[in-house]
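Trainee: A single structure is presented below for examination.
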Amino acid sequence: MKIQLIAVGTKMPDWVTTGFNEYQRRFPKDMPLELLEIPAGKRGKNADIARILEKEGEQALAAVGKSSRIVTLDLPGKNWTTPQLAQQLESWKQDGRDVALLIGGPEGLSPACKAAAEQSWCLSALTMPHPLVRIVVAESLYRAWSLTTNHPYHRE
């Protein structure tokens, strides 16, 4: 099973790339974590935010692998503990499909992305900068994987 992290925004600061890459390299070969960046639409004083969201959503959905399970990261989503995320990871593996996790831009995800999702995950009720979300998701998934394989990274 491959996990795609599809995120709106490019040209992240070095600390984001370093942090994400640290967890990405730890994933096993049979469950690689891949980052796909979608360019954010130009936001300005007179920007049509609905149109920007729509375009970002179209690009994000086009990047999703065929037959992949789509999971959005969104506030109304489920708030999983680490053991619950580990159970989700196992369930996704049993399903046999790849997983595409969608992270929106400053205004979130398009209605089309939300409608296409089979699940929605609320990472936190806190507002986080989108660059940080990439690292937190990568670490959370790695921690969940370590729990499912009895790897010593996660401790109760």
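In case you wondered, yes, glycine gets a Cβ from its N, Cα and C as well.
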Trainee: Would you identify which residue of Leu35, Leu36, Leu61, Leu73 Swiss-Prot lists as part of the S-adenosyl-L-methionine site it also attributes to Gly104, Leu123, Ser124, Ala125, Leu126, Thr127, Met128?
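Mentor: Same S-adenosyl-L-methionine site in Swiss-Prot: Leu73.
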Trainee: For a quick check of understanding: among the binding-site residues Leu73, Leu123, Ala125, Leu126, which residue's Cβ has the most other Cβ atoms within 10 Å?
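Mentor: By the 10 Å Cβ neighbour count, Leu73 comes out on top.
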Trainee: Please compare the binding-site residues Ser124, Thr127 by how many other CB atoms fall within 10 Å of each one's CB, and tell me which has the fewest.
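Mentor: Counting other Cβ atoms within 10 Å of each of the binding-site residues Ser124, Thr127 gives the minimum at Thr127.
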Trainee: Could you tally the C-beta atoms, other than its own, that fall within 10 angstroms of the C-beta of Met128 (S-adenosyl-L-methionine binding site)?
Mentor: 12
